[in-house]
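> Please read through the structure below; I'll follow up with questions.
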Amino acid sequence: LEFFHHRLSEQHYSKLCKTIRTKSAAYIEIAVESDGIDKTIRLHVEPMYRPDGSMNYLVITHSDITSAQQTKLALHESNQKLKSLIAAQSQRINEHEMQIGVIFDQAMDPMILLNETNQILDANDATLSMFALERTDLLGLNLTSIFSELDPTLLTDLLNQIPLYQEVQLRDPLTFAQNNSSLLLNGAIRYISLKHHKYILLTLRDRSSEHFAKIEIKRQQNELEEVVRNLNLATQAGGIGIWSWDFESNEVTWDERMYSIYGVHPDECDNNYAMWQERVHPDDIEHAEQSLLHARETLSQFNSEFRILLPSGDIRWVKAAADVIFAADSTTAIAMGGVNIDITKEKNAQDLLRNESEAAQAASEAKSMFLANMSHEIRTPMNGVVGMLSLLSETELNSEQSTMINTIKDSALTLLHIINDILDFSKIEAGQMSLESVPVELQTLLERTMDVLHLQANNKGIEMYLNYDPSLPKMIMSDGVRLSQVILNLLGNAVKFTESHDNITGKISISASLSFDGIAPCIQLRVQDNGIGMSEKQQKNLFKAFSQADSSTTRLYGGTGLGLSITQSLLSMMGGSITVDSHLGSGSCFSVELPFIAVENSIEDSLSEPLSNIRVLMVTNDKDFSTFCDFNLQNINNKRHSVSSLSRAIAVIKHALSANIEIGTIILGPDVYQGAEYQHLSSQDLDLLKQFKLVKYSSDGNQLSGPNSTNSYTVKAGPFKASELSKAIGVLNGLISPHVEVDDTKELVGNEHKEKSGYILVIDDQATNRDVLQRQLSHFGYQCELAVHGQEALRKWKNGNFDLILTDCHMPVMDGYELTKQIRQLERQDNSKGHIPIIAITANAMKESSEQCMSSGMDDFLTKPVELATLGRVVEKWLKLSPLVANNNPNNSDSKRHELEMSEPTPICMKSLENILGTTELSIIGPLLAGYWESVSEDIEMATEALSQRNEHNLQQIAHAAKGAAKSAGAEQIASIFESIQNTAMDKDWQYLSDSLQRSRTESNRLKSYLLEKSIITDTEVSL
């Protein structure tokens, strides 16, 4: 530091002190003199510390940035030149407008200035003389008052047909009547711009005169265009390394900066073009020279980047740009003017950035592979644990054994949740996380998330409320899985950090409303609890990865600290944001703002308007329940009144009866319905209540939601959902059906020992996994055969009569991917084999693994550990599609064929359509399906053309779009085929792709028959 001591200022020393104090690095620029030359040096100072934290020494590196400073100075000088050019041009434009005014006033031909409505704004002296009028007589008149035969729209119509500011002649002469005589005048019009406004200039002349003003304006325009060209060139060049090439003399002229760039003295260079050819790198000279000659031949701009070799052996990068210069007549090219800029530093920076990016990508891929392998190694044994526990829980157990099994299972699933968090974080960090855009019903998603966490919340005595704004669209376009993950993270945290104790009930409120961010409407989600809360310090690192409020939080509540970091990243990918408002000891409120696109033609809630006519009496002393009811009823403009006790409710009812006021529905909160006052109601008051339609909220865990009678509807108190409240009122008032939909997510139980039709081949190299799968399938009544690897499985498949294959992906001898490819190839060679469903069961949970499974020809994908109910649902689904579904008489082929036809799914899945549109009414889905039929016909034609051109990129894009359209229309089989094409297009297996397209044609013809049968389309369509 002593070397630089006399060159360092107090400001420099202050910066050094700050560097030592904050333990950070610093940059300092100083001026030095070396061999009589002033230079600028940049110092990089970084303190080094001992293990005890004290500073040991400073590491100082320096670099010469004199060249960069000189470049900055040159750029500054260039900018000043450019500003001068612009100022001069502005002055010339002002002078040009003044000249136009002089020309207008002194022109020999009559000229009239008009606006676009033909109103006269000004006229020159020649016009006044010709018409024998004063200026005040003309100004403000419409041109048609002078030339009565003139069409009012003629001028603007003619001008709109030609380029802006170009002159056009009027086809017919104008007639001016004066003193019993008529004057025939030829007219010419053009737009002119004065003070940034556009006007029409009408020039009148006899047939023998020439318009001298036109020549003058043309000359002015030529000069202006030349200035603009030079100005554009100066802007692009920045004043660095200017050169010119005279086409007539073939002489190339350089300025001093050009000589400096190419490392040559002006006195040493007789031929600049030859010097340029000599300096350009041998590998670049051909392309650079061809570009230059092409620009001259085509009279176009020249742009090129190339390397040059200096006498010192250094290689520099140069960017060259030039434009053609024309003579005054604007038709003859006389020269080319351009610039050279040294871009070596930029190129070096790009190379460095590219190398660092490649290294980071390699590191990211290595980490992702490590995480995938780690996930695989943990999931494989976990499959045995969870699978056996699921089977064991179906046996007869005492209460203590059931508790222990549930504890073990919860612990295993918690470990899997941690693994999933780490994998998600890794994908987000590597930029490999992608989002879908499919129709999502937000209210259903919120309520299902509440259902998932209800048991956990109920065990802690926590009440959950949903306040949903019905003005939100019924369906939005989003990634339902990832949006559910966001809500589950927030709601899960609220449950985790909230307790009920000391006569304080834990409460969690979820609200969804429509808000406006100043640009577009958005969805605002709020999750509020009265849990432990956080301090301001704890909130600062809340959304950082692997971070929790403090270490005690991790010890007490567990978790990876990744949930909120993943949540914030997912919301950012969706274009949304998240904030938190929390106070230690009084709870937290997380607010999410999410932009959305509403699904067009989605079915809106038809209950809101009828419910608005019903008067509701709410009976509760629970502030949160009262807020829940008030919010959800207020949003449908319902007439409502609230009282805090049954005695007051009875009084209100009696008054309403006497005043002939109708009360449509009475809502009893859980604090009232199961409170002492209700239990001790007199028979007279109870009979009075029963005369009205009652919605009773019950906190009895064994009570099911639904109607008890025509005037009574019980709702399970927890979680409190907006849909259940409106449904209860709607059912009691006859507005909707009381039918209770069956939950298709309910676990399959009670099927043990019940024989089912299905012979399944199971392949896994792990004995534990084979044992688990065999026991799980036997639980559902399926028969199975086991194989250790793909080669053994292929031999058994050839000799067997299997309905379904369950296979691991990674196995010795032959893996699941190769097994699937060989089976699919044999199926294509022998059509009688049909298409056997193949389901992957793998421990690799990465998205790439599922894509590899589908691209190899598999039909579905399950991640280990596979829970019993999930396996049962997937197997049952695909057995329906198997070409060899077994029956009681395996030799009866006709019976098999009949079963296959009966089990074959319809081309349109009505359940999927109902989930998307909320209805299956033909009047609503008919137009959508008719439109989809036209769409799928075009998709198959475009895919066929892409296949014929062997264009795998186009084919993949077409298949991706077609898959999305098919899913939106409920055409699941067609969607599956296009998804397979999308996943395999880049493999260029043209035969497989051709077969897949043929399958899509077959399926689309089946769709056509279905639509014809339903009278959705007419028989004029052509089969594919």
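The backbone N, Cα and C atoms fix where each Cβ goes, glycine too.
Not my notes, these are from TrEMBL:
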- 210-237: coiled coil (COILED)
- 96-152: domain 'PAS' (DOMAIN)
- 373-598: domain 'Histidine kinase' (DOMAIN)
- 759-879: domain 'Response regulatory' (DOMAIN)
- 921-1014: domain 'HPt' (DOMAIN)
- D808: 4-aspartylphosphate (MOD_RES)
- H960: phosphohistidine (MOD_RES)
> What's the CA-CA gap between D808 (4-aspartylphosphate) and the residue listed as 'phosphohistidine' in angstrom, rounded?
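It is 27 Å, counting Cα to Cα.
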> Taking DSSP as the reference, which of helix, strand or coil describes H960 (phosphohistidine)?
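Once the DSSP labels are grouped into three classes, H960 (phosphohistidine) ends up as helix.
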> DSSP says what for the domain 'Response regulatory' (759-879): how many helix, strand, coil residues?
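Here the numbers are 62 helix, 23 strand, 36 coil.
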> Tell me which residues of the chain lie with their Cβ under 8 angstroms from that of H960 (phosphohistidine), as long as they are six or more apart in sequence?
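Residues satisfying the criterion: F978, Q982.
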> Can you break down the domain 'PAS' (96-152) into helix, strand and coil residue counts using DSSP?
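Across the domain 'PAS' (96-152), DSSP assigns the residues as follows: 25 helix, 10 strand, 22 coil.
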